[in-house]
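For reference, the structure is listed below as structure tokens.
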């Protein structure tokens, strides 16, 4: 208990006349557990890195990375050249590392001023009376008294600083990304750069010759057309052949082992080898016959040919033109970028767009949104009721956020399962892109809109559906928003206006005009709403 008493003396301010404040045991236990987990992860990585060198630094074997980096991986990781990472591991890997570095820089720019500026102000000038109760609460905004004359205005300026800093860093990172993407696009292999994916081909054009003629006459010279064909029977025959071949190899190895051991009983194994060999010969004939059937039917429109094809042009300019041209007045001839070969979802290319399946997927996503708050509250309340004995301080530190942590950890996996089961995707990268879109909407709804909705989405939706007029619905949302901002409307309205005015790309002069307009609108709204407090 000595370390707790020392920490309590430090937080109470030795020599400053302050009494010894009570330290939140759960917070200290949570800090200790987090430090332990981080240290364990770093130690485990260091151990596994030396135990399995091919897994963790196998790229040093071919000379692509310096060999002395295995001695001190921390300093060498910090000194890595992003251009070299791009050349060795690709653009996606380098951008993933750059994203992590960007997040660290952003947190330093935003977090350090709040920590070293607002934390002392909250403790010394907040007036909330938590200085003698809890050190951690006294440096937070909960220690600021209601109706504080000036501290909330500093928070409003901090919101402006946060928006401007994030905006500047994001746009600067976007410029760097565009330069890297331009270099990546110009270095693409000619086969991929000149190839496009065509979907929704009309039934009368679903063959290689007609697709080639169509694009040659309307766009430019075509080098090759690869139709996506229905090969379900062929795939089943190949799978059965490979399985039989693996069984035959296993039996032959067993026979060779028994011959070395001098086992006399070999007749049953030899009969099994003969049976598997005969079965393998029949399966080879089926595979060959099915391939001949597909080749014979591929010359005809429809049949084994699907509505998708890969078209390779002689010139990259023609491929880029094909992506932007409107080849028909309806939804036919949809042209896209050709995805990476390893990412193609061949089964989805054979499917037609289904409105019913997409509607079911959207409904499941809506259920995910609607039940977010109840699930988190249910898990957190259930976890807080558990008594773990001596480990209760650690559990109290983790249990309040357990529901949110579990739900947000499983959310991307659940969304990907919904996308893969109910939506038509051409490649795995499109699933990731759709995940980013929906996850951003999820974060926007539950960070900006959740305080208005409250913790019960069902009651909020029932209340909105009970009203027939749209103006009544908007009035209810406005009333909830004003109720949140009734104590400090200047802060709330400033946060909302800054989010909209400063979030779009524009020139530096436009930024200044938007900033001045933002200050003017915020001041007017603050003056009008202030008497309500």
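Just so you know, glycine gets a Cβ as well, placed from its N, Cα and C.
Heads up, TrEMBL stuff is auto-annotated, nobody curated it.
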Transmembrane segment according to TrEMBL, located in which of 437-457, 458-478: 437-457
Secondary structure content, the domain 'CSC1/OSCA1-like N-terminal transmembrane' (28-172) (per DSSP, counts of residues): 114 helix, 2 strand, 29 coil
Close approaches to the transmembrane segment (402-425) from elsewhere in its chain (Cβ under 8 angstroms; 6 or more beyond its ends): 345, 348, 351, 353-354, 357-358, 360-361, 364-365, 368, 372, 375-380, 383, 431, 434-435, 438-439, 442
